[in-house]
Amino acid sequence: MGNRTEEDYNFVFKVVLIGESGVGKTNLLSRFTRNEFSHDSRTTIGVEFSTRTVMLGTAAIKAQIWDTAGLERYRAITSAYYRGAVGALLVFDLTKHQTYAVVERWLKELYDHAEATIVVMLVGNKSDLHQAREVPTEEARMFAENNGLLFLETSALDSTNVELAFETVLKEIFTKVSKQRQNSTRTNAIALGSAQAGQEPGAGQKRACCISL
């Protein structure tokens, strides 16, 4: 997956980062978009987003990654935060089981606010802290499989799987979008074919136009 200038792109995909405060969402964002890591552990206040344009085949995708704090007092922003999102990384801290124990609640909140077709990846962050692990890989992987989620373990500190996590989500979104466009094109072709087969041309052409919008 290659880089491209921010002004030159074919699609914009909004991806949200969700999960408890302190799991490393902000550092995943900064590692992916700016290749930076901050050891300052202050909690993110409010909402921020960063962008990075990447190539998927011949298509330029502008990934708009949104980040917010996981504290209860900021939950009032959820509707606007999730609006328009086509992808989500649900992040927990591998070294703190309590952050994993609430991923189901975060998943419910996501589905309450976002489209049902949103692509979701469960991300176990801080994989570099091997000795402090509290969440077994297979336990998290099984939860992801049972809930139809993608799954990866990452380390924003040493960059392990950060690129792969975002790339996998973006590819899955792009695949869905491509299929929708193909289905729309196929539907238009059928409508136009019906018009040519004997329907009133004006009506058939109008129907195809409406379907494609």
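In case you wondered, yes, glycine gets a Cβ from its N, Cα and C as well.
The motif 'Switch 1' annotation in Swiss-Prot falls on one of the ranges 35-49, 125-139, namely 35-49. Checking the ranges 13-30, 67-84, 157-174 against Swiss-Prot, the motif 'Switch 2' annotation falls on 67-84.
The binding-site residues examined here are SER21, THR26, ASN27, ASN125; by Cβ neighbour count within 10 Å, the least packed of them is SER21. Between the C-alpha atoms of HIS39 (GTP binding site) and THR26 (Mg(2+) binding site), the distance comes to 11 Å.
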